[in-house]
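Student: Residues or ranges marked as signal peptide by Swiss-Prot on the basis of sequence analysis: 1-15. According to Swiss-Prot, the feature topological domain 'Lumenal' maps to 16-423, 472-485, an assignment based on similarity to another entry. Annotation source Swiss-Prot lists N-linked glycosylation site at ASN134, ASN148, ASN344, ASN370, citing sequence analysis. The transmembrane segment annotation in Swiss-Prot covers 424-444, 451-471 and is backed by sequence analysis. Residues or ranges marked as topological domain 'Cytoplasmic' by Swiss-Prot on the basis of similarity to another entry: 445-450.
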Amino acid sequence: MNIVLLIYCLAMVVAHDLQLFGDFKFELSDNWRNDCAKKALEPIINQCAEGIETISPFQQKSIAIQLSICEFENAEISYPSECRSQNLDTCILLLEKSPQYWTTFSGYYREIRNICHQVSLPFAKDQILQVYGNITEFYRTLMDEMTNSSKYTENMQNELKAKFDKLIGVIDLILADREKNREDLKSSFNMFKNNFEKSLNNALVVMKHSYEDANSNVKELESHLNYFINDMSQVYILINEKALEVKSQQDRIKEHNADILNQIEEIKKNLDNAYEEASEVQISNNQLVHDIQSSLDYSLFTVSNLNSHLQLSINDFIEKNEDIRSRAPIIFEEIFGLFLNHLNESGQLAMDSFEAALDLSLNMLHQKLNQTERSIDNLNSKVSDLAHFADSLKKYASSIFNVPNYVRTSMNHKIQQWREFGNIMVVGGVFFFVVLTLLVLSFIRTQVMKVFRFAFIGIPMITGIALAIFILRLLSMPMKVVDID
């Protein structure tokens, strides 16, 4: 702004000086422009300014003739008409015939260089004055334009000031209106916040009760599994005791029947193989129990994943609550609907994951039961083969070696015990397979929540009944001790 004002003041001063300078009149310059000699010397004025040595002899003769003509015309003396046609050679010949003409021509011819030097200074002055006059006119025009621009700028400033005053008034009205709307919006938002917090608290209470119910169901399932594991451990201990008792009786028979050791060596090997098969079956049962435990652990892990999904849903809901607080209350119904959909999707996802995990566990259990059933069938077939082999061997030994009656009685008793043990294993496996099949069919045909209730209550009850029947049958087996003394 300061620079603009400085330029404006400088232009004013220069314009004033030029206006004063334009009042002067240069009469000498006007006379010079109208002089015949000036017109004659115009072709060489520029050369005179650069240097007189640049003037050629032809130019010197032409300028001398033109100056002579000017002098003749000023003195009103007639001269040859050929000199007007710019025929220099003819004109010079005609001027040579008259002493007066020749003296004038020769004088100008000799003084051309001096005249050129004298005339160049007024001509330069005239050029300077002309340029300065043009500059004066330019600055005068510029001054007028700047004056008009200053007036236009002042008018624009006044108009802008009036418009800004009106705009400031409108802005004040808008701000007052917005302040009033802000108070109304604040009260509406507080009301929305209170209602939303109440709804959120109710939803959290419902989710907490659901989580507690699921936790109680998991604990009940854990107690039933512990009961099932304890029963299986007792069965395993009884089987080991029976196996040890059988082995001790075999050792006593071996000690008191040294005479028939070679004949029953093959029977002993077969009994050892049968014992190994029973051990393998026991190991397979233990592996089955371990797989069941793993499946149950996986189910617990799935339940924990369900809990984590619910927790993530709660966290996501809290984040959305923070986002909702910054919005208008008109979107409350849409947000609540989206929240319910999200909870339903999360619950459905968790239920699908739990169903998939339970299906996988049941499939694995079904495979293990099939393997156990095949092992029991193999063991039953081997026990049957062993029984037939023992019967044939007994007959052969009785007919050849006349085996004592107490030995035959002991052998028959042991064979009968192994046969009954194999039958019990087969019946128990078939019963367990039937129960599992019914459970799978009920799981397919009923709703998921009903199956869960049946699984929490029915499976442990059926398993306990089956184990009780198995243990009663095992304990009811006749275990006679043969006195061989």
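Glycine residues also receive a Cβ, built from the backbone N, Cα and C atoms like all the rest.
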Student: May I ask for the distance between ASN370 (N-linked glycosylation site) and ASN148 (N-linked glycosylation site), taken between their Cα atoms and rounded to an integer number of Å?
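Tutor: Checking the Cα atoms of ASN370 (N-linked glycosylation site) and ASN148 (N-linked glycosylation site) gives a distance of 110 Å.
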Student: Could you tell me the mean pLDDT over the topological domain 'Cytoplasmic' (445-450), as a whole number?
Tutor: 51
Student: Write down the Cα-Cα distance for ASN134 (N-linked glycosylation site) and ASN148 (N-linked glycosylation site), rounded and given in Å.
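Tutor: With the alpha carbons as reference points, the distance is 21 Å.
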